[in-house]
Amino acid sequence: MIRAGLSALLSHWRRRPFQLLTLVLGLATATALWSGVQAINAEARASYDEAAAVLAGPALDTVERAAGGTIAVEEWLALRRAGWQVSPVIEGRLARHDLAILGIDPFTLPPDAIPGEDDGAAFDAGFLTGPGQILVAPETAQALRGADLPPRIEVEGIPPGTAYADIATARALLGQDGFARLFVTGPPSLGAPPLERIAPELERRAPRASGGDVARLTDSFHLNLTAFGLLSFAVGLFIVRGAIALAFEQRRPVFRTLRALGLPRATLAGLLAVELLVLALVSGALGVALGWLVASLLIPDVAATLRGLYGAEVSGSLSLRPSWWLSGVGIAVAGTALAGAASLWRIYRLPILAPAQPRAWARAGARAAWAQGAGAVACAGVALVAGFAFDGLVAGFVLLGAALLAAALALPLALDAGLAILSRSARGPRAEWFWADTRQQVPGLSLALMALLLALAANVGVGTMVSSFRLTFTGWLDQRLASELYVRAETPAQAAALTDWLGPRTREILPIQSTDTPLAGTPGEVFGVAARSPTYRDHWPLIAQAPEVWDRVAAGEAVLVNEQLARRDGLWPGAEIEIAGWPTEVAGVYSDYGNPLPQALVGLDRYRALFPESVALNFGIRVAPDETAALIRGMTDEVGIAREAISDQASIKAFSLGIFERTFTVTAALNVLTLSVAGLAILTSLLTVASMRQPQLAPVWALGLSRAALARLELLRAVLLAALTFVLALPVGLLLAWILLDVINVEAFGWRLPMRVFPLDWLALAGLSLVAAALAALLPAIRLRRMPPARLLQVFANER
Amino acid sequence: MNADRLTRRRFLCAASITAMATRAPAQGFAGLGRASEDYAMPRRGEPLRFPADHGPHPRFRIEWWYLTANLRDADGTDYGIQWTLFRSALRPDDAGTGAWRSAQAWLGHAALTTPELHRADERFARGDIGQAGVTVTPFEARIDDWSLSGPDFDRLDLRAAGPDFGYELALTAEGPLVFHGDDGFSVKSAAGQASRYYSQPFYRAEGVLRLPDREIAVTGRAWLDREWSSQPLAADQEGWDWFSLHLEGGAKLMGFQLRSESGPAFTAATHIAPDGTTEAFPDGAFSAEPLATAEVAGRDIPVRWRIALPARGIDGTVEALNPDAWNGLAFPYWEGPVRLSGSHDGIGYLEMTGYE
């Protein structure tokens, strides 16, 4: 009996392979997007953990210059001679190879602080002699193939984009000899004097929890990705839900017959559940494979984004993790269960002799629409509560999700209302039939249309956010990067030589000094700037300011803070803040996109009084644009500044914009994918609905409307519904953009962006969605046009 | 030995600093049993010149300043300290190739032994950056906060400390330098491996020992060995047992045996009269034979020996003051104070390597 039952149930799929394909494809696509995002997240997290383990080393304390700056060899030696077990580190970046160099002293650094295999024997005496060696991750070695660098030794466990070298090698590569910091490798000798007596300007610091910081910073980015993945999965589930419901409804006669033949209902439900499970497993596995493909295509961009935005190194390649396979297949099964539960339940409760006619689409009508309406109201309520009663990133995402769901659930009612209004314009029986028939079809297409709504809204929302961000960001960059050249000197002596040399050759030299110091209780940075200079007054964009702000900053009476700090601690103009023990007032707030840290700007005189040990090594140079090339040559040839230490405005701008563009590549790609899934949903819904519409179309055909006319009307209907959905998606998308810009961004990054709207983009999107709907409707329409009249006549012959 | 030390050891092997670990590194370490023509080789008959030879000989592969002292406090409790600075060449040519590219690496060992405890620590450094090195006039041998320094070789101040011990001693020479083997040319194997080797065994020592909970004023005797070579061991020599003994009455005895995998040990000895007159003894004249072992750091280490130099009527038992005098450092070995009894009474130091 079970075998017979199974055979009867499965025969459905043989007869309708396309429906099977729809189901598998929908589930696989949903799983693919979800697991692709998960794969990216997992890879990034693994990279952070690795970085935390490697960079922070064995959680060693460090000794650093309290006021910032490097530690001289003599200072390090003085510590060693006093019995302190400290090991020097040189840090720097080789811009032309995009490689971070970490120069270590293997004599004084414990071997377990050097990454590599357990025995640390990956390298040999060549590390210390001759040109030296650099230890890099295998993929970094790949990227550096042929580079003009010392021999590479591949060591697993070194973060990508980082090279370990002996200090001698690092000094030669970076052209610097001060130490960034010293690792404390062990307790000092018995009776060694305390640090403050040997070197009062140095201080001991707890290990940098670099990995943890990076993870926190990038959390929001990953949360964003996850939200997108979830959205895509939800869109995919709409397809699955539709396909399962359809398959169950169409098999009602079979169910009834099987039950009547004596198959217990538990067995029937069990068979169906097994069928769904198998489908879910197959589609899930397919989806995970697809997801892996998606992830491996996207991860280089993600890696670039994370490096650019947060300095977090993420491996650009993807490794397969068993947990990820399991979670992918698991979510496919869970999603199928969710989508099929209602259908299964109904089969279980089905009275044995209930009329076995397909009724899902026809009668899903009013009651379901009202239930969905109630759901929409509930979701809207949740969104309002999340938006107004709670703060934080999670509340922001709840608001986002609830708002989107509310909009999706309200769609059928809204469409119905919209169609009702439009149908009043109907003149003549044909038009009236068209409108009535369209309204009647909405429940059947509602799931696909909801998917379309979500995809369109996400597209509008994210598009608006990205474009707003781009416009704001480029404008801000133009203003903020006012100096033509930026130079970094290695030593105070070189800085002095530089300013002397530059004096007669430039319009203005703007020293930029900075120190890491706590601001309002968290680690931050304070910059000393020449606030008297018109360069700042004219160019530095302020988003809030008190009167005479620049005069007061220049006079050392007040400070500027960045938007992140202002928002986080409510430090708007007039508020009080303490910087290194100096109580002062906030006179203005500036935008500081891309910076995760709180920051304050202090007039240069006041800064020097606050941090006397800090030396000015960074300079902005104002010079006529056509003189920059000559000036760069002069600085490198005559003052001996390394070319890497000079940046010109144009290349900084290009670099920043490059980071920005890459940041949203992933978002854009996911956007397109989501839209494609929605298109697929429409296609499959239309195809399945089409097969059931014969009874409705046959009478119209019999009354004299040609098949071609009917096909045209079908096409028109799909486009009309898509257009209506787009009109409804637009406000939802703008709401989404507002949530992203005004809630999520503020919570995640600490800055608020002005929202700009781009109607031309919408127009393009509208066109795209109409074309997608038309394309989706084309196949069913062509089929209808070619349907043999005999088939239409059959409707009258064997009416159930 | 914990994993950390093993790691460090392997790393340092790779960095070829291995040579310095002990006076007689096992031949497996860094291929020290192999010939290395590019380094300078010790030559018989070449006179030693002072004070220049107190300083480093960078053309030779390895070299050390090796000081041990037997000390006693006011209560009569015995102590021992060790202070060693090793130099190892990373390349035969001494010329460094720029800042921080020194051809020399330095390693320091310091230890303090009481009847109840033994403490040891080590320091690593590259040469030519001011962290470690040796200068002749005034004499200073230094690595980090450890130093042996003074106006000349007869009057030195010694200091070293680890996290849980430390010492400061003033050393005054009360006799002349003594030369081992053939005027300081000391043969180390039947095949002719040799080193330059002289000592100052006549230091009177006075100072303080430090432990976290106390300071101990001590006096006693110290013995400084100077040795350099480029290929100190034959390929089949696996380690050695080295005795430096202060006999009652003022005479001294230096004797060692180099254990071989393939045959009998190679032995050598120098008898030093109270006035510094030396007599060197060839292979076989001196013998050392383990009487009892103790389990130290997971190994069986001989901590009681019968030693004999029949030509001088010496036949006695050497016993460790503290059998646990294990230097569990990157290159582990046993080094600690001993007592001699039998035909002669005395005190001294024993070093045992190659007991893996």
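Every residue number used here counts from 1 along the chain in the order it is shown.
Here the Cβ of each residue, glycine as well, is placed from N, Cα and C on the backbone.
TrEMBL annotations: computationally assigned, not manually curated.
Marked as transmembrane segment by TrEMBL: A:225-248 (among others).
Among the features that TrEMBL reports, domain 'ABC3 transporter permease C-terminal' is placed at A:227-351 (among others).
Residues or ranges marked as transmembrane segment by TrEMBL: A:268-299 (among others).
Feature annotation from TrEMBL assigns transmembrane segment to A:324-348 (among others).
TrEMBL lists A:369-390 (among others) with the feature transmembrane segment.
Counting residues 6+ beyond its ends, the transmembrane segment (A:396-422) has Cβ neighbours under 8 Å at 223, 227, 230-231, 368-370, 372-373, 375-380, 382-383, 386-387, 390, 435, 438-439, 442-443, 446, 449-450, 453-454, 457-458, 721, 724-725, 727-729, 732, 735-736, 739-740, 743-744, 747-748 in the same chain. Residues annotated as transmembrane segment in TrEMBL: A:396-422 (among others).
For A:442-462 (among others), the entry in TrEMBL reads transmembrane segment.
Per-residue pLDDT, averaged along the domain 'MacB-like periplasmic core' (A:447-630), amounts to 78 for this model. What TrEMBL records for A:447-630 is domain 'MacB-like periplasmic core'.
Marked as transmembrane segment by TrEMBL: A:668-689 (among others). Outside the transmembrane segment (A:668-689), and at least 6 residues removed from its termini, the chain residues within Cβ reach (under 8 Å) are 18-19, 22, 25-26, 29-30, 33, 37, 225, 228-229, 231-232, 235-236, 238-239, 242-243, 246, 294, 297-298, 301, 361, 441, 444-445, 447-449, 451-452, 454-456, 458-459, 462-463, 466, 718, 722, 768-769, 772-773, 775-777, 779-780.
In the domain 'ABC3 transporter permease C-terminal' (A:670-789), the DSSP tally of helix, strand and coil residues is 103 helix, 0 strand, 17 coil. Annotated domain 'ABC3 transporter permease C-terminal' per TrEMBL: A:670-789 (among others), in sequence order.
According to TrEMBL, the feature transmembrane segment maps to A:715-740 (among others). Using a Cβ-Cβ cut-off under 8 Å and counting only residues 6 or more beyond its ends in the same chain, the transmembrane segment (A:715-740) has close neighbours at 387, 396, 399-400, 403-404, 407, 411, 414-415, 418-419, 434, 437-438, 441-442, 445, 449, 452-453, 456-465, 468, 682, 686, 755, 757, 762, 765-766, 769-770, 772-774, 776-778, 781.
According to TrEMBL, the transmembrane segment annotation covers A:760-782 (among others).
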